[in-house]
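Visitor: TrEMBL lists D197 with the feature active site, proton acceptor. Annotation comment: TrEMBL describes L76, G77, K78, G79, G80, Y81, G82, K83, V84, K102 as ATP binding site. The annotation domain 'Protein kinase' is assigned in TrEMBL to 70-331. Per TrEMBL, the feature domain 'AGC-kinase C-terminal' maps to 332-402.
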Amino acid sequence: MPSNDLFCFRKTQKYSVNRDLSTEKSSKSSVRTPISIRCCLCSNMDDCEKIEISEDNVNQGTENIRPECFELLRVLGKGGYGKVFQVKKVVGAAAGKIFAMKVLKKAMIVRNAKDTAHTKAERNILEEVKHPFIVDLIYAFQTGGKLYLILEYLSGGELFMQLEREGIFMEDTACFYLAEISMALGHLHQKGIIYRDLKPENIMLNSQGHVKLTDFGLCKESIHDGTVTHTFCGTIEYMAPEILMRSGHNRAVDWWSLGALMYDMLTGAPPFTGENRKKTIDKILKCKLSLPPYLTQEARDLLKRLLKRNASSRLGAGAGDATEVQAHPFFRHINWEDLLARKVEPPFKPFLQSAEDVSQFDSKFTSQTPVDSPDDSTLSESANQAFLNPTVFSLLSERSEETRKCSYL
């Protein structure tokens, strides 16, 4: 994982925000009602983001999953609400297999911490969305004071780190990653989900070097054609103009972000950056797109089409969604069926010595002794009520730039 110094060396400071501009009601039909809990910055329950994790859909079989089922191996990262460990399952099905275990403290989730800069709800889409290029949620369970998510272990680390090492990608390398990402985004859009936080730090690689989207704290569910949302969120440098203008947005914002990511891959920085948040926003809204002369005509054209400020004319904004993007000549050499089947060899395969290898993660964390703090938190009856449903529990995950230390967080 990149240190703050390493992060700032390559890019200007990123500004991550999440502010609800209107009370939004979900149109998603369900036989279950998500449980609302009060997040750190919400003044009332209606402003809280609602999520649900179903153990019925995640924990397959009759196995009683609990913390003792896993041996802590390494620390992968830390965040405002807990830690992420590399763990080994020691009993039952899949014994001996390596996973990533995300541990969140209930007391930290429900407390009213006004000094928390940005608090975001993490939805339960991982239990609903299964795709080759999206991280897989394996188990979800809870104890008296903690919530646990067991995710597949992505030993290739962040795409950010690979981009950091290379500086910029050759076009064929960028094309491979962008193609896999476009398939993941297209699948999310088919489910009515906007990703909204696409950036190198949220893209991880598996042991073979294939892409896996992670960190779904900013996703918006139940957004279909003709539906807009007004939540002000994302990382500024990759944020679409319509989000900044607070004019409402739809899935087209993800294609702007893909364009910003593509620009980052090919030039070493996002397309619009400034000395501070205001100047960055001004550039995104007003400045002309500058394209380096070394880019091919296909790359230049795709960037221009993805980075259109008018969302309705942006490539991917039409009914075809991802297929519009994938039909662009920049991707002319991609065999989409083989890509989805992961038959296309990635341009970078992580050098890993074992299934437990953590060399692609920050040694600042992996060198620490893995200890899960005692589960001794005592919640009030009203606070704990949010977590009492045995098949549904709600999560909130803080992802401000100051505290997010791992893509799993």
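FYI, residue positions are counted from 1 along the chain as it appears here.
Placement of Cβ uses the backbone N, Cα and C atoms for every residue, glycine included.
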Visitor: Measure from the CA atom of the residue listed as 'active site, proton acceptor' to the CA atom of L76 (ATP binding site) and give the result in Å, rounded to a whole number.
Guide: 21
Visitor: Where among the binding-site residues L76, V84 do you find the Cβ with the fewest other Cβ atoms within 10 Å?
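Guide: Among the binding-site residues L76, V84, the sparsest Cβ neighbourhood within 10 Å belongs to V84.
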Visitor: Fewest other C-beta atoms within 10 angstroms of its own C-beta: which of the recorded positions K78, G82, D197 fits that?
Guide: K78
Visitor: At the Cα level, what's the spacing in Å between the residue listed as 'active site, proton acceptor' and K78 (ATP binding site), rounded?
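Guide: About 19 Å separates the two Cα atoms.
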Visitor: Can you tell me the three-state DSSP label for the residue listed as 'active site, proton acceptor'?
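Guide: Its secondary structure by DSSP: coil.
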Visitor: Would you mind giving the whole-number mean pLDDT across the domain 'AGC-kinase C-terminal' (332-402)?
Guide: 75
